Amino acid sequence: MAIFPSLPHLRRSFSSSIARRLRRPPAARSFTTTEGSRPTIVHKRSLDILHDPWFNKGTAFSITERDRLDLRGLLPPNIMTPQQQIDRFMVDLKRLEVHARDGPSDTNALAKWRILNRLHDRNETMYYKILIENIEEYAPIVYTPTVGLVCQNYSGLFRRPRGMYFSAADRGEMMSMVYNWPAEQVDMIVVTDGSRILGLGDLGVQGIGIAIGKLDLYVAAAGINPQRVLPVMIDVGTNNEKLLKDPLYLGLQQHRLDGDEYLSVIDEFMEAVFTRWPNVIVQFEDFQSKWAFNLLQRYRNTYRMFNDDVQGTAGVAIAGLLGAVRAQGRPMIDFPKQKIIVAGAGSAGIGVVNAARKTMARMLGNNESAFDSARSQFWVVDATGLITEGRANIDPHALPFARKLKEVSHQGLTEGASLVEVVKKVKPDVLLGLSAVGGLFSEEVLEALKDSSSTRPAIFAMSNPTKNAECTPEEAFSIVGEHIIFASGSPFLDVDLGDGKIGHSNQGNNMYLFPGIGLGTLLSGARVISDGMLQAAAECLAAYIKEEEALEGIIYPPISSIRDITKEVAAAVVREAIAEDLAEGYRDMDARELQRLSQEETVTYVENNMWNPVYPTLVYRRD
Ligand SMILES: NC(=O)C1=CN([C@@H]2O[C@H](COP(=O)(O)OP(=O)(O)OC[C@H]3O[C@@H](n4cnc5c(N)ncnc54)[C@H](O)[C@@H]3O)[C@@H](O)[C@H]2O)C=CC1
Ligand SMILES: CC(=O)C(=O)O
Ligand SMILES: [Mg+2]
């Protein structure tokens, strides 16, 4: 730790009275004052301190220092001793050897993440230029799958904080803490409570990595200005016993708050951020299902917010499902005839079946009986098997999809039937996994899918990261056949089927939609995010794929075109917000002017408002 007398340039800048006081000959009490215990006077606060290697103590700043120096919320809540900091660093330093033993790919991915992260700390413009120009190569590093590994190892990887941390210990303080963030304007917040990070479970405070990764895509794909994004971690504790026992864990070492106590923390956070930044958009990310639906219902009619896992995933799945219908050489309007098995009844799985049912109902006439009959196209299987009305203590969110016992008994199925039994009996057109269970689509399940009644069965192994995918494309193509459609949440390479044929590995990930949903909401000035705006986003993505591509088994566009896709999706969201009379305008584009824009002009309007990574000319002006 640097001590004042050893920093002559700072001594010069001190007010003479303070300097005189500090240069006074040792007073009587000085026999107790050692060199290290004298205070160091600093003329900086907030991030300026954290970014200054002379003064920065990182996680070792005490609670009173955090308050005095406006650091509250800018660091993970657990205060570390200097020795704990060193221990954490050494664990990380040694990890290279450990990973070299475990397998080379993880080490390489983490090493790339570190190099990119260091650049992010030094020069944002250059960082995002590299990311945008090489998105296909580096999205898997800053996003899934590597971001999962980063979250798992975050205590060791943590260097310079990014984003804000609000913890259960900050109750009553959030309204003032939010002013510790240096940016006057924030457009996009991605917030997590770390309770279900990808398919990796409860990672507590370490989940901040997913908020950072999602916002990287907001900048790269949607052109949100990086100075106006804010990753947020709400630390209400963790139920991960391993983390609770780890002395180097950076979060609160207590079990998660629950019930009203939990809600009061999230309420306080929402009130604080919307008070300081009334036009911000908040994306909820990777909250366990229990809270994902509840918080969405609680806030969606009051705040500009959405839940990416429930709503973004649903839209991406719908686009892919419509693509799979077209891949069979059938019109999209045939979608309501598809038999769909969904493995996983959490925030993502239930979000998908809800949206798919509504899409079918719209195609069937958009009335109550259409909505009713669409229900029978879905079979939902969770950890205890097929969900039927015979299930005790059924989750209310899954209830609308519980099969009637009579119905399933006709098919030779019962409550809790296994996935393989359900596949055998239903012979589905689509098998979609959002279970977080790697390998769930086992050889037996894929063998059973060979009897699908579809000409081109579709397999969506959507769980993340890679090791949680329900199956690999190699397994799917080799077991079920070359005619299938395949999509996964994390990226896989295409499969060489021989004779010049390629089995396409599509990436079915909400990254195709959330940046456009956020950007479109921002630029329309819509006060809330409606189902119609989300539906418009999904339809736009579905329409992005050309007929001949669909016939080749391509149901999602390449990641390299994500900036263009996002622009189109955002424009579709803006237009829907206008159509629903939700748009209030953005900056000097008021609602009336927005309304006058043609479809083409809306796309140009969106494009003109996307940030590009070019160095601006800087001019110094004293405030
Ligand atoms: N590709 C994408 O864009 C997205 C992928 N996901 C992935 O979806 C997965 C699930 O996310 P959530 O729904 O939020 O998680 P969750 O934990 O709320 O739900 C998991 C569900 O899977 C079920 N399940 C567990 N074992 C099963 C088994 N053996 N057979 C069938 N079902 C089983 C559970 O009962 C539960 O209903 C995660 O891996 C996540 O990464 C989530 C959002 C977007
Ligand atoms: C992609 C994503 O949001 C997830 O796996 O949770
Ligand atoms: Mg997610």
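Each position is counted from 1, following the chain as shown.
Backbone N, Cα and C atoms are what each Cβ position is placed from, and that goes for glycine too.
Over all protein chains present, the Cβ of TYR143 (active site, proton donor) has 25 other Cβ atoms lying within 10 Å. Under the heading active site, proton donor, TrEMBL lists TYR143.
Annotated active site, proton acceptor per TrEMBL: LYS214, in sequence order. If you take the C-beta of LYS214 (active site, proton acceptor) and look for same-chain residues 6 or more apart in sequence within under 8 angstroms, you find TYR143, VAL190, PRO231, GLN283, GLU285, ASP308, PHE514. Taken residue by residue with DSSP, LYS214 (active site, proton acceptor) is part of a helix.
The number of other CB atoms found within 10 A of the CB of ASN509 ((S)-malate binding site), across every protein chain shown, is 25. Sequence annotations record features per position, and here TrEMBL assigns (S)-malate binding site to ARG196, ASN464, ASN509.
Feature annotation from TrEMBL assigns divalent metal cation binding site to GLU285, ASP286, ASP309. Just so you know, the Cβ of ASP309 (divalent metal cation binding site) picks up 27 other Cβ atoms within 10 Å once every protein chain is counted. The DSSP secondary structure for ASP309 (divalent metal cation binding site) is helix.
Residues or ranges marked as domain 'Malic enzyme N-terminal' in TrEMBL: 120-300.
Sequence annotations record features per position, and here TrEMBL assigns domain 'Malic enzyme NAD-binding' to 310-578.
With the fewest other Cβ atoms inside 10 Å of its Cβ, the least crowded of the binding-site residues GLU285, ASP286 in this structure is ASP286. Taken in sequence order, the recorded positions TYR143, LYS214, GLU285, ASP286 that lie near ligand 1, meaning a CB under 6 Å from one of its atoms, form an empty set. Within 8 Å of the centroid of the Cβ atoms of GLU285, ASP286, ASP309, where the record puts divalent metal cation, the same chain has further Cβ atoms from THR192, ARG196, ILE197, ILE210, PHE284, PHE287, ALA292, ASN307, ASP308, SER347.
Distance noted between the C-alpha atoms of ASP309 (divalent metal cation binding site) and ASN464 ((S)-malate binding site) is 12 Å. Between the C-alpha atoms of ASP286 (divalent metal cation binding site) and ARG196 ((S)-malate binding site), the distance comes to 5 Å. The secondary structure of ASP286 (divalent metal cation binding site), as reduced to three states from DSSP, is coil rather than helix or strand. Taking GLU285, ASP286, ASP309, ASN464 as the candidate binding-site residues, the subset whose CB lies under 6 angstroms from any atom of ligand 3 consists of GLU285, ASP286, ASP309. In the three-state DSSP reading, ASN509 ((S)-malate binding site) counts as coil. Among the recorded positions TYR143, ARG196, LYS214, not one has its Cβ under 6 Å from an atom of ligand 2.
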